[in-house]
Every structure is written in structure tokens, then in C-alpha cells.
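For reference, the structure is listed below as C-alpha cells.
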Amino acid sequence: MPAQVISANGGAFDVPAKLTAQVLVCSIIAAFGGLMFGYDIGISGGVTSMDVFLKKFFPHVYVKKHHVKEDNYCKFDDQLLQLFTSSLYLAAVVSSFAASKCCKNWGRKITIQLASFFFLLGKAVPLFISEIAPTKYRGGLNVCFQLLVTVGILAANIVNYFTASHPYGWRISLGGAAVPALFLAFGSLLIVETPTSLIERGYPELGLETLRKIRGVHDVQKEFDDIVNTTELAKKIKHPFKNLMKRSSLPQLITSGILQIFQQFTGINVIMFYAPVLFQTMGFHSDASLLSAVVTGTINTVATLVAVFCVDKLGRRFLLIEAAIQMFIAQVVTGGILAAFLKSTNTLPKQYAYLVLVLICVFVSGFAWSWGPLGWLIPSEIFPLETRTAGFFCAVSMNMIFTFIIAQAFLTMLCHMRAMIFFFFSGWILLMGLYAYALLPETKGVSIDEMNDKVWKKHWLWKRCFDQDHDQTYDKP
């Protein structure tokens, strides 16, 4: 889920640069790829709770849902119903591979335009924003992608709420996904290509002109020279995916992959996918459950603003560690309440149902200013140019694969594990917090192409991967 400001080398703080209107407009337009993604996340969970949709496509689930004696935790346990939601993410794995190739060969701008037409989820967006934003503002601008994801989820929840009782409600909800796609399609005609991509593809003069435009100053020679040097080094890498397997690439590859796994094992997507279903399980009626999903969606959006304004001040690690503590407490208490008061066929007492809603909001807010946006921000800023598109593809693929696994398994897990599922996710959150504390380096204020020298080579563990006797920088002829 964000937006940022960098050049090929990220544009260190001593490089002349302004936060120009061009950068802001390009970042906002590009971040609408996040709105597409968020709407798809939010809409599927709401649609699968609509009676009119269940009657038409999953009648057996509809019967179970309204059977008085049906187990609260198992009403929606159906593999095909889960596949309706999770299949989006299998398609995203394939599309992200196509996006990585398109980024390298034809540029970030063209990839974003194709994303709007083919719904590739806009996964080129964090890279695009990272390469046009100044280092000082990189984190905050990149979080705009995640902010638009949360807006998309909220919009989907609102649409679901007002269309739930309409006979064609599910059609209206699903068709609404075209709106952000159209905005991105037309808006992408206004954005500029990144200087890094232009120089990488053999257009140095145009790259220099674009760099001056987005930085708002004429003297950009130092940054331009850095980009040229970096792209020349990157061209020596003929097989970026093979290069990811080299020893010096392991810190970035491992870190980006682990962050994607952790992001999904917070349990956030099951809350976002299945919020209406989950609230119905706890005793809220259909309309009330959709309204509760709107409440959590609003919290999600507002809390993401904390990351926009704080990520470049407080740093990545602080937000991740604080949120892990907050989310852990919320999950454990929620699990305890459900274990004690929600049995197979009863309804959760009203006071506890509303307490659970508050706890879920606490959980969602913690995720929204930490593991949500930073799960996309950090992978987009830690890879050197020679492996950047390949590395980010691997991160996106890992995210989509584990999103699919969780989305496909959640309702079955809920049926069999019951309230213990919240303790399952809280265990992962504890592990995440420990990882962020012990193994994740801080990347705030460091330009992209200085990450190895200033971050990884100085880390107590990852510096061992940069032994020159065991690794070479370039592909052998």
C-alpha cells in the first residue's frame, strides 16, 4: 500500500531539489493504482456477504447462512466462495511478472498506463514514485499509494452498504472498479517518465530535462551524473533475476520477502476481505455488518495519514515496532472475548460485539500506519538499480501468493480454529515485532543507491553478505 521521492540514487539531502507540483501531481495520479487495488480488496468481501449474490452463485452457502442452528464459525466455509476472493491474487502474480519486464523495457509510465487498462493492480506505482521523489520526502509520498488503497477499501465498503439490498447490487459493486481504472488511464497521460527509466533506456538528454522539471532547479548535474553512473553499472547486469541469487543481493531479497509474508500474516486482509462476514459471525445483522466494515475502513484511511506525515520523521522501524505491540494486544484480547462469549450457535452479547469492533479498529489503525504502507515502501527503496525491477517483482509476487493463501484458507480456518485464529495471527505479530527490532535496518533519509554502503554493510548481520571474496558485482561474460 504509498508514494515517495527519489532519483536513481534517491537524491540525497545535499542534492538541490524542491517538492514540485509536477512530483505531487504525478505521485497522486500514479497512486490511483492503489485505489484500484483497494477497491478490489474491499468489494469482494462485501459482495460475498450479499444475500442476492449468494442466492445466485452460492445457494448452499445462502442456506447455511440463514439456518438457525448452523455453527457461527462455519456459515461461510466454502472453498469456491473463498476462491472468488482469492483468485484475484493468483492473477496478480502473473501480471506482476509482466509489469517487471514492461518497466525495464518500456518504462514506468507505459506500465502504469497498461495497468489501468488491464487491471494489473498498478504494482509499478511504488517504483515510479520512488524514482521521481526527493529522498527527504520519499517515505511520505510513497505512503500515498497505501493511502489510496485504504480509500479504495473504504469506497468499496460504502458502495456495498448502499447496494446490499438492491437486486443488482453485486453488479453495481463489481462494475464500480472501472472508475479508478479510468481515472488512472486518463491521468497517466499527464505524468512524466522517471529520469532513471529514460536514461536506462538510452535517452540521457530527455532524462536530464525531466530531472530539472521534477526537481524545480536547473543545477541537477550531481544527481544526473549519479543516475548515469548507476545505470551504466546496471547495464552490466544481463540477468537481474540471476543476480538476485548472489550473496550481496540476499539482504534485500530476504528482507523484502519476509516483509510481504509478515504483512499478510498480521491477519489484516482477512479483516478487510471478510469484515462483513466476520461481523455477521459475531451477531451483527447484514446491514449492520456492512456499516461496521465502513467504520473500520474509515479508521484504516485516517490512520494511514499518520504514516504519510511521520514515516520520514520517526523512521520505518519505530512505526513497525510500535504497531506490532498495538496489534498484538488487540488480537489477543479479541481472541479472548470470542473464545469466552461466542459459541457455536449463540449471538455475541451486544456490549462485547461493540468492544470487538473497537479492538478491530485499534488493530486496523496500527496496521494502517505501519506494516501496510511500509510493507510496500521498504522493498521499493532497498534494491540497487540493477536488480530493482526484478527484486520488486519478487516482493510483489510473494505478497500476492501469501494473500491468496490467507484469503483461500481463512473461512476454513475460522470454522476449525474458531476464536483461536486470532491467537494464531497474534503469534505471527509477535514474531514480526522481534524481527523489526533485531534484523531490520533503518532506511530513513538514505538515498537508494547508497543503501548498500550506508545501511546493509553496516548492519551487524547483513554486512556478512558483502564479503568480496564470495561475491562479484557483475555477471561474468
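Glycine too: its Cβ is placed from the backbone N, Cα and C atoms.
According to TrEMBL, the protein has these features:
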type: DOMAIN; residues: 1-444; note: domain 'Major facilitator superfamily (MFS) profile'
type: TRANSMEM; residues: 19-39; note: transmembrane segment
type: TRANSMEM; residues: 80-98; note: transmembrane segment
type: TRANSMEM; residues: 141-162; note: transmembrane segment
type: TRANSMEM; residues: 168-192; note: transmembrane segment
type: TRANSMEM; residues: 253-277; note: transmembrane segment
type: TRANSMEM; residues: 289-311; note: transmembrane segment
type: TRANSMEM; residues: 318-342; note: transmembrane segment
type: TRANSMEM; residues: 354-378; note: transmembrane segment
type: TRANSMEM; residues: 390-411; note: transmembrane segment
type: TRANSMEM; residues: 417-440; note: transmembrane segment
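By the count of Cβ pairs under 8 Å, the stretch nearest in packing to the transmembrane segment (141-162) among 80-98, 168-192, 318-342, 354-378, 390-411 is 354-378. In this chain, the transmembrane segment (80-98) lies apart from the transmembrane segment (289-311): fewer than three C-beta pairs between them fall below 8 angstroms, excluding pairs fewer than 6 positions apart. Panel annotation: around the transmembrane segment (318-342), residues 72, 266-267, 281-283, 307, 310-311, 348-349, 352, 355-356, 359-360, 362-363, 365-367, 369-371, 374, 418-423, 425-426, 429-430, 432-433, 436-437, 440 of the same chain, lying at least six beyond its termini, place a Cβ under 8 Å from a Cβ of the stretch. The average pLDDT computed over the domain 'Major facilitator superfamily (MFS) profile' (1-444) stands at 83.
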